[in-house]
Structures are given as C-alpha cells and as structure tokens.
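Some features that TrEMBL has for this protein:
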DOMAIN    B:5-131  domain 'Semialdehyde dehydrogenase NAD-binding'
ACT_SITE  B:C155  active site, acyl-thioester intermediate
ACT_SITE  B:H255  active site, proton acceptor
There are 4 protein chains.
Amino acid sequence: MGLRKAGVLGATGSVGQRFIQLLSNHPQFELAVLGASSRSAGKKYKDAVDWKQTSLMPAAAGEIVVSECTVEAFKDCDVVFSGLDADYAGPIEKAFKEAGLAVISNAKNYRREKDVPLVVPTVNSEHLAIIEKRVKDAAAAGQKRPGFIVCISNCSTAGLVAPLRPLVDKFGPIELLTTTTMQAISGAGFSPGFPGIDILDNLVPYISGEEEKIEWETKKILGEIADDGNSVKNLSDDEIRVSAQCNRVAVSDGHTECVSVKFKNGAPSIDAIKQCLRDYQCEATLLNCPSAPKHAIHVLEEQNRPQPRLDRDRDNGYGVSVGRIREDPVLDVKMVILSHNTIIGAAGSGVLIAEILAAKNVI
Amino acid sequence: MGLRKAGVLGATGSVGQRFIQLLSNHPQFELAVLGASSRSAGKKYKDAVDWKQTSLMPAAAGEIVVSECTVEAFKDCDVVFSGLDADYAGPIEKAFKEAGLAVISNAKNYRREKDVPLVVPTVNSEHLAIIEKRVKDAAAAGQKRPGFIVCISNCSTAGLVAPLRPLVDKFGPIELLTTTTMQAISGAGFSPGFPGIDILDNLVPYISGEEEKIEWETKKILGEIADDGNSVKNLSDDEIRVSAQCNRVAVSDGHTECVSVKFKNGAPSIDAIKQCLRDYQCEATLLNCPSAPKHAIHVLEEQNRPQPRLDRDRDNGYGVSVGRIREDPVLDVKMVILSHNTIIGAAGSGVLIAEILAAKNVI
Amino acid sequence: MGLRKAGVLGATGSVGQRFIQLLSNHPQFELAVLGASSRSAGKKYKDAVDWKQTSLMPAAAGEIVVSECTVEAFKDCDVVFSGLDADYAGPIEKAFKEAGLAVISNAKNYRREKDVPLVVPTVNSEHLAIIEKRVKDAAAAGQKRPGFIVCISNCSTAGLVAPLRPLVDKFGPIELLTTTTMQAISGAGFSPGFPGIDILDNLVPYISGEEEKIEWETKKILGEIADDGNSVKNLSDDEIRVSAQCNRVAVSDGHTECVSVKFKNGAPSIDAIKQCLRDYQCEATLLNCPSAPKHAIHVLEEQNRPQPRLDRDRDNGYGVSVGRIREDPVLDVKMVILSHNTIIGAAGSGVLIAEILAAKNVI
Amino acid sequence: MGLRKAGVLGATGSVGQRFIQLLSNHPQFELAVLGASSRSAGKKYKDAVDWKQTSLMPAAAGEIVVSECTVEAFKDCDVVFSGLDADYAGPIEKAFKEAGLAVISNAKNYRREKDVPLVVPTVNSEHLAIIEKRVKDAAAAGQKRPGFIVCISNCSTAGLVAPLRPLVDKFGPIELLTTTTMQAISGAGFSPGFPGIDILDNLVPYISGEEEKIEWETKKILGEIADDGNSVKNLSDDEIRVSAQCNRVAVSDGHTECVSVKFKNGAPSIDAIKQCLRDYQCEATLLNCPSAPKHAIHVLEEQNRPQPRLDRDRDNGYGVSVGRIREDPVLDVKMVILSHNTIIGAAGSGVLIAEILAAKNVI
C-alpha cells in the first residue's frame, strides 16, 4: 500500500502544528489537506500560521493551501487528525464520521461516548478493537467502510495511566489513586495561550475541567471492552477512586505528576513494581509501528529525576518516565511520572493510534 | 522595658539577611551583634554581604562590624537568632545555650530534641510553655536565667500545619495527611543556592531530606506537652500517617502545597471547614505581638487561588492562604495551601517567636 | 481644599488597576468614578475585574459600581486618569477634554499633538506650563476652566530620559543616543497580555511601535516650550539622533536599558556625570508632592546592578536607577538604566503629574 | 584513515559534556580518553558526572573510566578537546602542547597569544593556516608533528562576528561596532553555574570580563595572518572601535545580540546586506565537514525573530540567525543576531575546528 492521505483539522493551532510536524516525512502518511477557519482558508499554510514549534516548519506543508473544515475538502483522506478546539469540534467531527471518514481527535467532545474508544496508544490500544470489529462487520456485510471517531485522551491522563496499565495487569486492581500534576503551559494552546504574567515567578493551582477529566477518563482507559464488543465499559466508582489536583507551572513542555496508588490485593514490593514497568512492552512496539517507543516506560533510579527539561524527549516524547518509586505511608506506593504533553499527551498519540489502525488494516 | 538586644548568627546568609530585614526598626528589638564566618568577621556588614533582598539593606545594619560566632561576642544579647547552616549550627548553638543565651534557630539540628520546642508561632506557640516553665523554675530557685534553644520548623511544614491546627482543635484528629509541595527556590539559600539551569523551563521533583522533615515535624508540632511539662510528646504513627512529595519549582518566594486530609471522626462539611479556618485566631494575635498577622489563615474563594506571586505577602508573609477547599474522592477533603517560606517558614517565624517570648517575659 | 474627585477610564485593565492601587488612600484624591466597557458597567468593581496586582484590591474600590466611559458619568471629576487602550482612547478622551474635563492619559493617541504636553513628571514637568497658561488665560478671561489632555510618555522612554535631563542641563546637548531595552511583560497589559510560551526560556527582540515611540518621544520630552507658550517644540533630527532596539524579556516589572550617549560639547568625566545625577532634584520633589521620589535618580556603584527584581521598587517605583556608568569606545559614555514600567513608566507618572497640577492649582 | 582518537579535558563540566555529546557516534573521531579532576579519576564516567544535557548520556561514554588530566593519559590522542576552567587550563594545555599534542581549547588562557589562532570555524578558519604551516614545516624538516593549541572564541564573540565577516569581505571595513548582548545562563557553566534566584523574574546587566573579551577578540578574529605566516595580526583600535554591553537573561541556551555597525566606505543597502549574508558559504561547508552548517547564516524576515527558543537549533546550532536588519539612525545598520552559545559559541566550534584540521590533514 502506498502512503495514506492524511488531513489535519485545526491545522494552524497548537495541536495542529504538532500533527503537521509529526506527519511530515512520515513513512505511512502523506499530508494532503490542512483545514482551518475561514480566516485562514485560501492562504498558503506558511502565510496563515504563526508557527511556534522549535523545529522549522516543514517546507512542503508551508506550500499547502489551507481549506475550510468541510467534508468536501477532506473527502479523499484515509485518516483525518483533529486538533480542533472543543468549541468547534462537535459538529465538524460528527459530520466527518457520518460521511465515512476516519477521525482521530484530540478534542474532548466525544470522549465519553461508549462506542468511541478513548485511547492512549501505549496503554489501551486493545480498545481499538471495537472500531476494527465495526469495519470488519461492514466489510462482511458488503457495506462501505463506516466512518468513526477515536479520541485521544486528555494530556495529563495519558501520563498517569501509562505506568498503571502494566501494574494492574500484573498485580491486580488499583483501588485508590491520587495525582497532583504540575503541567506545562504548552497544554494551554496559544491563541492566546497561557498568559506570561501568570507563570513568571508563579504557578496557578487550577486548570479548568482538568481534574474531572483525569478522574473520569482514567476509569474508561483502564476499563474493558463490553461483552458485545461494541463499546467500552468504564471501571466503576466502587472499583477505583481517583483524586486529582492540577497545577500549571513554568514549564514549556512536559507534565510531571506526583502519584500514589493503593492496590486491592496488597502492595507489591518496590522492586517488583520496577521490574514490571521495565518489562512492559506495548502493542504498538510489538507491531513495529514507526513512532512506537522502544520503551513505553522508562524507570529512572536517580533520586532527582524525572525532570521535564531533561527527560521529556525520551523515545521522541512517546516514552513516559517514572522515578522515585517508593513506599507511601498513606497509600501503598508513590512515584513521579513525567510525560510529554504534546506527544504522548496529544498529537503524538493521534499519529501512533493511526499507525496502529494502519497495522491492523482498519485505515 | 527598653529595646532588647538581638544578635544574628549566619548574618550574611539567606536566612540571616531576612532576620536583619525584619529586625531593623523593630519596636522591641535592637540589632546589636551580627555573626558570620571568619572570612566576614571584622568587615562592616555592608562590605561582607551580597545583599539579595528586594528591599534595600537597612543602613544601620550595614555599618555594624561583623563578629565571629562566639559566645563572647554575643554575651550581652537578650536573644540570638540563628540562620546558620546545619553544618555549623550544632556546636555553636549548643555553646550559646550552655552559656545562658536564648537561641531561636532556623537550623534543623535540635528540632528532634524532646526538650526543644519546634514552633510555628501561629500554630503551636503553647509549646513554648516548656521554656517558660524552665525559666520560671530557675527564677524560683534563685538561679540565673537558663539558656535555651527554640527551633523554627521546616518551611514547608509550617505552611502545612497552619490550617491543620484549627481543624484538629474543632473536628478532632486527622489520621491521614498527604501533601505534594511546589517549593520556591529561595528556600535553598544562595551560597550558591539553587542553580538557574535546573529551574528554567524545568522543575525538580526532589528536595533532599524535605519529605522526611514534613512527615516527622508535623507529628511534633501537632503533639502535646508531656505531663511533666518539660518536653513535647509527638503524635504516634498510629495516630497520624503523613505522606509528602516535594518539588522545587520556578518561584522565588512562596511554597504551594496540594493537601488532602482524612479525619478520624468523619468529614466535616466544606462550609464548616471554611468557617473554622476563618474564625481562627492565633495566640500571637491575641497577645498583640507586633508582627502577628491579623488573620493567620486567609480562606480564598476564587477557584484559581492562592498563587505565590499574588498571595504570598498577605499579612506581610505571616498570613497563610488556603484555597480550593473541596471534597476529595480518596481521603475526605483536599485544599491548596500557600505560605511565605522565608517569613512564616523561616526568619519571620523566628521573630514572631521572640515577640511571643517577650510578651511572656521569657526574654 | 478637600479631596479632589478622581475618575479612572479603563479601570479593569492593567494600567487602570495600577491607577486604582495608587489612588486608594491618596492624601489628595478620592476615587470617585471607575469607567470600563459596557460588559463591566453596572457591576461592582470587584465583580468586574480580574485583579492581578501583588497587593490586595483596595476594599473601597471593590465596592464602586463600574460606569461606562461617558462624559456624563465623569462630569464631576476634578481629574480623570485614562488607562484606555489606544483602540478606544481617541474619541473618548477628546470628548472628555471638550467637555471641560482634565484628562491625564497613558494612551498614545494624543502624544504627538503640539499643544498636548508629553510628560515624565520627574523630568519635564515644566512642559505643564502650557496647560497652566491655558487655565489661567481662561480664568483671566472669565471663562470656565478649559478641558485638557496631558499625556504620560511611553514606558521605556520614561526610563531613558530620566537621567538624560540633568545631564543635558549641566553638560549641554546630547547629539547621539542609543538604547537597547529589555522590557518587562507587564508593559504588554493582560487582555490577553504577553503569552507565556513566548517568554519561557525565551525573549522576543521586537515590540510593535516601541522603537519609533522612543525615537520620537525623546525629542519632545527633551524639547522646549515654544515662544508663544502654547506648545512644545521638539528637538530636531539635526539636534539629536536616537536609535532604539527593543526586546521583551522574562521579567514581570521593570525595564532595563543599555544606553550610550555622545555629547555635543565633549564628554564629561565619569565622576562628573555621577555627581550630576546624584545632585539632581526634580520639581515634584521640591513641590513636596506626596508621591515624589526622594531621589529621582539613584546612582549605583555595584558592578552588577541595577537588577529589576532588586531595584525596581526604589522610591516606590518613582526612583530610576542608573548603574555601570563608564566610558564607551564608540560614543562617549555608556550606562544601564532601570525604571519601573508601571510606575514611572505609566500609572505612577499619571498620579504624580496630577499631584504637580494640584500643587500649581491647575486642577 | 580510521577514526582519530579524541580526548576530552574537563569531561565532567558543562563544556566537556557537550564535547562528549558531539563526539559520540562522530564519523571521524572516537572518544578515547576522558580527563577530569582527581576527585573523578578512576570512576566510570557515568558515576563521575552529573549529566545535565537534554539528550541522554551516550552509553559508551558512560563506561569510560575517567583519567586525570595528564599527558601520559592522553598521549595516544590525535586531538584533545579542552573544556577546562581557566583556573586549571593554563599549565595543563601548555604541557599537552609541549608534549606534541593537538589541543583545541575553549579556555581563555591562550587566546591572546599571537601564534595561537582564535577561531570561529564558520568565520575565520583561514587563521588555521598558521598551524598548517607549522605542521608542514616540521614535516619538511623531518621533525615529528609539533604540538599546538587552537582557541575557540568567547561565546558571545562568535555570534557577533559570524555575520560581520561576509559583510567586511564584500563592503569593506567596519569602523564602529556596538553590541548589547542578552546571554543564556548555560554559558556560565554549572558548578555551581548561574544562581536561580538571580535569573527568576530578573536579569543581570553584567558578566565578568565578557565585554572586554568581545571588544578584544573581535579585532583578532577579523584580523589577518601576518606576513610571515606564523601569527595573527589584530585590527587596530584605529581600524575598528567596538563597544559591548553584556547581560545575563532567563534563557537556557542561545545568545541574542542587538548590533549596530558603521562601515568605513559608506552604508550598503539593506537588501545588499541581506543578499550578502544569504550568499555566504563558509570554508567548512565547502570542505564538506560533517558538522558544517548548510547555511552558516540564516537571514530571517519575520519582524519578531530570531528568538532563542525557536531559532537556536538551526543547522544543529552551527547556523547563526540574523533578523531585523534595518537602518540605524546613529550608525549605519542595526540587526539582531542569535547564536547557540554552547555549539557555535563553545564545544561545537571545537569539533568543527577539528573537522577542518582533519580535512586539511593537520591532525
């Protein structure tokens, strides 16, 4: 199969720029359509965007003429990545799905739909099976490929669940989970983005809606596919209680989280936990997806690590670092988790989800 | 009584500079002796110090000739404030105490001695009674005033316990307590202090010894005076379990803590907690101590507060701010606490302790 | 005379908040009317504003019901301070002036009008004479007091000219002047203000319109009143050439400028320059204006000063610091100037201008 | 020829770490010997170093046992890169040279020796001819290859001269040159490095010795080889006057400079200057050196560029960015220059110098 045609919705925004960066020179995808608001449509991308990435704008992307975010403009895309703001994503993504398009979205709008997988690709790619089933059922019935939406998780949730999945698989359910996050400002986008005066010699102990997202999404991502194979069944409040406290700090990229967990079946040893995390291999790695990290989890032994500036780029931002794993006097175990919020926590996960779907011939 | 003569040990360091700033133009104390290393001794203070406070060096202090940290140099002081590093504080403070001097120390060396009060002056000034008793007993026995040491608590512990004390007084024991701190770099002193490259676009999820200090000191500060009136009896591990995770962030002054608590006797309502904190008046305020805050606790209702840059200076840094008080899905209640680490968390507490001792005629 | 009634236009914005902070508990002015957009009008100020100052919102100001920016609402004000954005200031300030109101404006709209004084109050308060004359002429003619506008200079210009004025007075004209500024982000306001992602581990070597303002306004502020007494005559391009390079850096408050000058009549000695600056006393100080700095210029001898965090608050932000005065291999003399951009560079200057006008019975 | 054996002096320091990063997996050099203080000697590098680079420590380097900085330990090296502090570099580098070793040094100690080339490899690699001559003369005389020292320029000088060289070549001498620098903290090393408290919400308008280095080194780098071919002849004070003002700002990597120049023969047009800079190709590029930038100079047209965070990594840090080229009312032309201080301004230049020497068979 040749290169799959990829479209990007919200191409001039923060997440959209990251999608473009990751999709340029991609071995499986070809950047075909860039969609943005009518203010940008009709201009060359390089004239429409205020490019704020630390690597230069890919030259070919810069020459693409920006389209409006219509089904018509994207109709030939094999996959569409959505970096749209939640204010706009709802009807556009729905229309794209109904038109038979494959949408991978960073927006929060459809994350809570039972038949929409909410995926951190190094964690719960098995939830994509509900899409795979739908596509195969349609093929078996002689119908054309159905459209669908796959949602990327909230950024701070992605980092949190990354090490929890192998722990739950090996040691059984986690019943109590607390996280205090220290989140990068890039997660706030940049139109206008997070104000400088609020972050200079300061931090803000509140991010609108973030704690609720972590507390809810964790239960879906750690849940299982329902018996009918068509939806995801969340963990219940009885199975796990999650508490998040979210803060914005003066870091550009990289969310750090101080996490404590209590296991239902008793605490494993610290060494057993480290070994479990070191041994973990995610499906994307086993499938040889191009962006899959060599190590989905990096266990750090230095007592003052992970640090965002030094560790956020491990495995190109797809590797999550876990350090300071130690006993917790209140719950069982505490640790520090660092994840790259715009890679594993946003656009990067979108691209890796698409690679998994491609490996499974769903797109 | 006229002005009491005050000495400062470690006068050129970070804590020492704060002591000097707070003691200049003080209504009860007169800056009499400044002690530093032999490298500085013999120089005028203004020539010995690299003054790094945001207010100008008090002119009179600048003219004082620095002494070495000997009993002889400080023998006429009514009170000696120690900003010495722990590496030096041990034998010097001991010698001062044995020579009959009243020492109020920011160093950690004697905090764990049972007969040394560990005091946050807006929280557990009643622990000073063991000193008051010793002084009165000596006077009754016709002996000269005995020397003593009072320890200022660790900075992040001070902010943590500030709102806990009134809650425990009203609602009974706290049995589980977690805090994740985001601490200012001024707490690391400045010789050389915290490296710039470690804090720019970064945070460090580790502060040597800090978590142990919080977990231990909280149990002493919330403890009671023993029956004999001569020592402090810590809370036991059975009575309270404390878990701390400590981080250094890009903030100059002001420690922020995300705290959760579980009450032994069941959770009070959020409104009851707020009211309890709003009603709290500390002894120093009732004694009309000059530096006592009007409100030892400020309850903030804005959802994105407290913030270090905006709230650290409430009541000149003696007021601790508490915001985002809300239910916690894992323990009972969570909240965000902000305290000024160099005021209520260090030198400022030292000065307020001295004011309380003065009000009680102990110095 | 009792307290003069003061109004503030643009009261919820960055400059407006500073005006309110400075006018609360002012010995000469009473905060009477707060004007903002129709979105805020009708609400109590405390409910309309996102207060971002490091001191708490003055309680009385918080209770004032916000008005729209109409002449009717402000008609009883003795003086109106305008913190309006340039996008709105033009017609509103004009209407206020025509209605006989005394307007002191931070907006750039009328700075280039010949009959509008452009004033840094510690530098060229003598330019206010053209207003004084107009008011007196009207009084002599039996007319009611005419309205007028006085403009506050651009923030980085204010710091630049502060030490130049005494130097020109003593050593004669400066013919060449270069400045490279490193400006605080508070100067960019905060709706939305300067983006955090642009300032974290970064600087931006461009501020829209700023270099042109410095190059033009310097010539007006250092100019003289025309012979007719009714307007200000700028220095010509032949008399002085000015070159500015402006940068935004990660500082909250305080503009630092690296400045070089060449004198027409030959270079004075470094010592003579320092002495001249130390001796300088501005008119506002001589008039005993309440906000006037004790020293309009502070000459610093430490080789690594001035620094924004340590020196911006000298004389409550009305004192400008000058350090590193030394010979320049290209022009004559180079130096580093630090000024508080929201005090002497904006709202603070507005208040001090009003105090000078009050001292001269112009308002 | 196989891989040349490379040694690194000061391997645990800031510059040393960069050398190791750049020499790992280098196509021409093999990391053979790592030298550090006796405190580190005997340990594996990974146990001796506090690695602070944003990329992971090269695994092979981590296993090398650290040596002391003796000739004996380095005697088999084809080239030795010195990242030693100036306090130690003097005698060690001299001994190495006298022992016949090829030393490329980042230290300042020998920069002012007439027979030591001071080289920015994208600017004045022709100065290496004095080494080439010495080596060839020795070979012709049947002597063994003589030792030598080549000095890397000061970091802020490197960025400054990068665009000046092509301008001088095309438009003739520059007679006046001013630069105001805003320098990254990584330039201050990290033992202890630049203090965090000095850079948070702050800048420091002074860097010890830096202005003198810029003013002196520029004259050597822009100078020519003397007639005898054995030394470099600096430009005289009559030929060029240079004035520098140096500041430390809150940036991790990347020095920004606001520069003005006056040409002896009259000002070229802005367009001509841009074209000249765009056309420039340095010798290292023409020699196909592995690290040579594709473009030694990048001319940026966006009015708010270059910015350190966005532009410092152009051509892996070997490309210098020049923006805002415009007329200067005082001199002829002003511009903003950005260079990566630890690549083109330090270790990176060392490696590229070695590549040039290798291309010329000098090492």
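Cβ atoms are placed via backbone N, Cα and C, with glycine included.
Across the range of the domain 'Semialdehyde dehydrogenase NAD-binding' (B:5-131), the DSSP-based residue counts are 43 helix, 27 strand, 57 coil. Spacing of B:C155 (active site, acyl-thioester intermediate) relative to the residue listed as 'active site, proton acceptor' is 8 Å (Cα to Cα, whole number). In the three-state DSSP reading, the residue listed as 'active site, proton acceptor' counts as strand. Across the domain 'Semialdehyde dehydrogenase NAD-binding' (B:5-131), mean pLDDT in this model comes to 97. Around the Cβ of B:C155 (active site, acyl-thioester intermediate), 28 further Cβ atoms fall within 10 Å across all displayed protein chains. Less than 8 angstroms from the CB of B:H255 (active site, proton acceptor) sit B:C155, B:S156, B:G159, B:T181, B:M182, B:Q183, B:A184, B:G187, B:P308, B:L338, B:S339, B:H340, B:N341, B:G345, each of them six or more residues away in the same chain.
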